[in-house]
Amino acid sequence: MSKVTPQPKIGFVSLGCPKNLVDSERILTELRTEGYDVVPSYDDANMVIVNTCGFIDSAVQESLEAIGEALNENGKVIVTGCLGAKEDQIREVHPKVLEITGPHSYEQVLEHVHHYVPKPKHNPFLSLVPEQGVKLTPRHYAYLKISEGCNHRCTFCIIPSMRGDLVSRPIGEVLSEAKRLVDAGVKEILVISQDTSAYGVDVKHRTGFHNGEPVKTSMVSLCEQLSKLGIWTRLHYVYPYPHVDDVIPLMAEGKILPYLDIPLQHASPRILKLMKRPGSVDRQLARIKQWREICPELTLRSTFIVGFPGETEEDFQMLLDFLKEARLDRVGCFKYSPVEGADANALPDQVPEEVKEERWNRFMQLQQQISAERLQEKVGREILVIIDEVDEEGAIGRSMADAPEIDGAVYLNGETNVKPGDILRVKVEHADEYDLWGSRV
């Protein structure tokens, strides 16, 4: 009988956005498949991989600190992810890092791991990786990455320089992955990319194949196909192209969740032009009105930037007026901060930090009031809730209007006889500006 040798252990740190999380999951899946053991602590690991974020300066700092901690605690560190595209910046602070790769360099990361910590003799009967792969999210929801890169050149963003132009994954491959996830117990799929609504543009929406059937490579066709899986499908990072109108009827028909994450960034035409973003606010308001007429249950999430270079009080007031009229359900707001390599750094009339802070506070105060009013309208109604956590006090879940991590929650006090992934009908009894409380029907 051959002696079972201990599995080499890899520590893993994943920073940044959901798109980075998908990259991490893909690397983890490969490592586990090859027989490596993924461990939660540095001191047990033969090596540590840090998947970094480099989108804004605070994320760069967090990534550099995580690399430093891994070096201090372990000593053997491979760096990958967005900040990896700036190797010199990392080497300047942490010259002892073993290897550095850029984003979505899965094969390179694995090659480096093999070099420093050779592959074990793997017995698939002893260490079975779940078919859907190793997920860093709870088992009942998963992110589905449909493309990489972006064709836009927004002046505040450096994603294209890090991740390149849009490259859509083959639709058959995407749908096969979705099917594997559902077969493994996933109840909710979150569709992500740098620009979800541009899916297929780079391949001229060519026809692919899934289960022998022709399927067009487009966001609408993808949604149609995902709707056949009988799960919650949630769309994120949807750039406001005209064809976004085509997915609203699918939401009204219950085929995908009535939820749209559509980053608008500002409402002043002048600032939008400086950002190189679409600039017709009146048209956007008209579309929102039309979407809600077609799908009254629609939840709209967006993100905005205050304090962008050149933003005047008049520009900011346009943004507040837009919020009052659009009455969006979920809103995130960022104070503009310069990002190394972004075109916006060269713009004149940078806004003082204290003005950014003051505008951010006014923005959030207004939006909290709007969000509270929107949620108050749900009191007394029945909604569907997917359970995320259960403890001795009760259950915490999310409605169709709530994406994990970034939106609110639904609290079911005393509801302990459920498990994560269960979908319940709940009567809403109370609301604040972010969350709901209710009881199972």
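Here the Cβ of each residue, glycine as well, is placed from N, Cα and C on the backbone.
Just one of Cys82, Cys150 is listed by Swiss-Prot for the same [4Fe-4S] cluster 1 site as Cys17, Cys53, and that one is Cys82. When the Cα atoms are compared, Cys17 ([4Fe-4S] cluster 1 binding site) and Cys157 ([4Fe-4S] cluster 2 binding site) turn out to be 14 Å apart. In this structure, the binding-site residues Cys17, Cys53, Cys82, Cys150, Cys157 were compared by how many other Cβ atoms lie within 10 Å of their Cβ, and the smallest count belongs to Cys17.
Rounded to a whole value, the Cα-Cα separation of Cys157 ([4Fe-4S] cluster 2 binding site) and Cys82 ([4Fe-4S] cluster 1 binding site) is 12 Å. Shown for the domain 'TRAM' (376-441): DSSP residue counts in helix, strand and coil, namely 1 helix, 34 strand, 31 coil.
Neighbour density for Cys154 ([4Fe-4S] cluster 2 binding site): within 10 A of its CB lie 20 other CB atoms from the protein chains shown.
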